[in-house]
Amino acid sequence: MACTIQKAEALDGARLMQILWYDEEESLYPAVWLRDNCPCSDCYLDSAKARKLLAEALDVNIGIKGLTFDRKKVYITWPDEHYSEFQADWLKKRCLSKQARAKLQRELFFPECQYWGSELQLPTLDFEDVLRYDEHAYKWLSTLKKVGIVRLTGASDKPGEVSKLGKRMGFLYLTFYGHTWQVQDKIDANNVAYTTGKLSFHTDYPALHHPPGVQLLHCIKQTVTGGDSEIVDGFNVCQKLKKNNPQAFQILSSTFVDFTDIGVDYCDFSVQSKHKIIELDDKGQVVRINFNNATRDTIFDVPVERVQPFYAALKEFVDLMNSKESKFTFKMNPGDVITFDNWRLLHGRRSYEAGTEISRHLEGAYADWDVVMSRLRILRQRVENGN
């Protein structure tokens, strides 16, 4: 009954439509919005789920000429005699009330975020189950969005497993290091990850203006001593920083920092970007961390008097990351794949000893959040429909 129409009428000089639903809730719809979203074949291409009506053809002051309704539909005639029919459930879903809009945004963007520190229970699923079953793939990606990290176990100890996950999502994110890349000790390394030294907490690739959203790392070979992985929930650390030192939070969320990456791999590259280390949305919520100390440029485009306060704020942020309450340490085994949110988590690695042979080998890849979210929405629909 919630999507059943009790009454529909035009208001405000016919520039507004009001619907009273059988659950006694009311919805208001501007006439211009209704005309813009007419679902007829002249205005909407159903096969592409795309609007055909041109913006320049829309009368922004349009009113409703005629309106009738039944329990399941509203029928509107416009001043130029164009005719539109709207389904009740379609209208109810797109109600413009604050509560209805918030509900729909939650359905579209999966905003739930579970913060964690050293107490993290690392979410773990079976690699083959994720590839084979939609329910497991949905659990994988929904947990990845909520917690920020999922470990998959049971993959092989051969290269190529991250490519399989890329196909499961849609496709991988190509960077200057290739579709996939090998993390191992290399002579004349073109990235600090390709050494045996300690890697401090960082996000990957802030040197790009659009850093990859999701990272996949598959353990092919693991060293006996050292090489442990460390992760920290950057969003949780940001909350702590904002509470403990609001000025430091303000500096890191307002100062543009230069990042650079120059070298040769998939092709030759010379990359430059500018980011705030803590990136906020229009509501002041943290949406991305952009920080890699290795690729933070020596060029710093700020007035001299702001340099030292920036370093003080950054040190405070890094110290919070490295606190025992914040970081989680684990060791990957051959056949493990960790998948994590590169916009939220910062990751690092403990050093390990170099030998005459390669003692530690990971294969990595990236995915874009748009690709991941697309697959997540499709999987949810399949699981809910029992397909």
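Residue numbering: from 1, along the chain as shown.
Yeah, the Cβs are placed from backbone N, Cα and C, and that goes for glycine too.
For the Fe cation site that Swiss-Prot gives as HIS202, ASP204, the extra residue drawn from HIS347, HIS361 is HIS347.
Geometry remark: ASP204 (Fe cation binding site) versus SER351 (phosphoserine), CA distance 18 Å.
If you measure from the Cα atom of HIS347 (Fe cation binding site) to that of CYS40 (Zn(2+) binding site), you get 51 Å. With respect to HIS202 (Fe cation binding site), the closest of these recorded positions in Cα terms is SER351, chosen from CYS40, HIS82, SER351.
Secondary structure from DSSP puts CYS43 (Zn(2+) binding site) in coil.
Summary of the Zn(2+) site environment: with the site residues CYS38, CYS40, CYS43, HIS82 set aside, the chain residues having Cβ atoms within 8 Å of the Cβ mean position are ARG35, PRO39, ASP42, TYR44, LEU53, TYR83, SER84.
A sphere of 10 angstroms centred on the C-beta of HIS82 (Zn(2+) binding site) encloses 16 other C-beta atoms.
Other residues of the chain with a Cβ within 8 Å of the Cβ centroid of HIS202, ASP204, HIS347, the Fe cation site, are LEU199, PHE201, THR203, GLN215, ASN292, ASN342, LEU345, LEU346, GLY348.
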